[in-house]
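The feature active site is assigned by TrEMBL to ARG17, ASN35. According to TrEMBL, the domain 'Acylphosphatase-like' annotation covers 2-90.
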Amino acid sequence: MIAHIIATGKVQGVGFRFTVQQKAISFEITGWVKNLEDGSVEIEAEGTSEQLNIFIQSLKKELNPFVKIKDLHIEVKDVLKGYKKFRVLY
């Protein structure tokens, strides 16, 4: 399954992408995370339904004192893209 997530709020310049990457790796999630020009962060995460649910719930918790997530827009699709690891894209 793939979860496509857009995080808005204070999510750029605060270590959010690297925190997302660490969490994804710890839950054996593959995919990527990148900054968008509008100040939001885009995440594409691939894993089982259970892995994705745990990963998404972890993003809703306080990640570090500098990150302030206003909203997470989440779309889950029953597809696989075959990502091998979780990367930060630039």
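Just so it is clear, glycine is given a Cβ too, placed from its N, Cα and C backbone atoms.
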Round to the nearest Å and give the CA-to-CA distance linking ASN35 (active site) with ARG17 (active site).
8
Can you count helix, strand and coil residues in the domain 'Acylphosphatase-like' (2-90) using DSSP?
23 helix, 34 strand, 32 coil
Provide the number of Cβ atoms within 10 Å of the Cβ of ARG17 (active site), excluding the reference atom itself.
23
Give me the count of other Cβ atoms within 10 A of the Cβ belonging to ASN35 (active site).
17
Do you know the mean pLDDT across the domain 'Acylphosphatase-like' (2-90)?
96
